[in-house]
Amino acid sequence: MNYEAIVLAAGQGKRMNAGMNKQFIELGGEPLIVRTLKVFDRDERCARVVLVVNPAERSRFEQLVVRFRIKKVAAFAEGGEERQHSVYNGLQALEGRGIVLIHDGARPFIHVRHLHELADAAARYGAAVPAVRVKDTIKKVDGLFVEQTIDRSSLWAVQTPQAFRLSLIAEAHEAAKREGYLGTDDASLVERLGKPVKIVEGDYRNIKLTTPEDILFAEAILASRVAE
Ligand SMILES: Nc1ccn([C@@H]2O[C@H](COP(=O)(O)OP(=O)(O)OP(=O)(O)O)[C@@H](O)[C@H]2O)c(=O)n1
Ligand SMILES: C[C@](O)(CO)[C@H](O)COP(=O)(O)O
């Protein structure tokens, strides 16, 4: 199943504490966002990419797209105050009517195999997300005291890209906007409509670079690829 992609790069990278948008941090000589975009650029099933950026950084992203010969970035969309707003703007720039994969630019290690599995699952079920089983014990905390230990057997850590039939995710975002709901991922907006979201088993290496420690993990993942 072919798809369009929305890649999100309009955040500020505050938790990375790098003094700049973490999308420009170099990993193995290439900016984070370039590594992410290259995965989609090389996938023959990706029709086009909408890159969502802060308008103040657009020319910098445009220069990277040219310098690294990223062919499939067909449009830019304006980032919003929250991730959800950025996605909403990205949806307006899509041309297709089929499947859309919505991905964090901060996740450079997504594997093309998962792009295909997610696109196929979204075509079949309407919505699909990559996820991995939680490995730690998770506790609900109140005032830094444990309130409750959550049964781990049904807990999964959900990643991106999150894949959807365009009509479904567009409806979900419009409903959330109308009702003033703000979610931390796109699938939660579909869940609010009472629609199913399929879990596709993902990869623990599909990390979201969020805090400085994640750079260390990313460099180790890159080194392990060289060793392969
Ligand atoms: N208003 C926003 C917020 C986030 N993002 C993007 O959504 C992805 C996941 O967000 P996160 O990891 O939180 O990135 P930041 O918002 O940049 O990080 P922070 O919250 O630490 O500032 C990132 O690729 C980020 O660029 C976005 O496009 N628009
Ligand atoms: C969408 C996401 O990556 C799924 O795990 C996550 O919710 C993004 O959270 P963030 O705080 O916007 O990085």
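Glycine too: its Cβ is placed from the backbone N, Cα and C atoms.
Automated prediction, rather than curation, is the source of TrEMBL annotations.
The secondary structure of ARG15 (site 'Transition state stabilizer'), as reduced to three states from DSSP, is helical. Residues annotated as site 'Transition state stabilizer' in TrEMBL: ARG15 (among others).
Per TrEMBL, the feature site 'Transition state stabilizer' maps to LYS22 (among others). Taken residue by residue with DSSP, LYS22 (site 'Transition state stabilizer') is part of a helix. Annotation for LYS22 (site 'Transition state stabilizer'): spatial neighbours GLY11, GLY13, MET16, LEU32, ALA106, LEU209, criterion Cβ-Cβ under 8 Å with sequence separation of six or more.
According to DSSP, ARG152 (site 'Positions MEP for the nucleophilic attack') is assigned to a helical segment. There are 13 other CB atoms within 10 A of the CB of ARG152 (site 'Positions MEP for the nucleophilic attack'), with all protein chains counted. As annotated by TrEMBL, site 'Positions MEP for the nucleophilic attack' applies to ARG152 (among others).
Annotation for LYS208 (site 'Positions MEP for the nucleophilic attack'): same-chain Cβ neighbours under 8 Å, separated by at least 6 residues, are ASP104, ALA106, ARG107, GLN159, THR160, ASP214. Marked as site 'Positions MEP for the nucleophilic attack' by TrEMBL: LYS208 (among others).
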Close-lying recorded sites around ligand 2 among ARG15, LYS22, ARG152, LYS208, where CB distance stays under 6 Å: LYS208
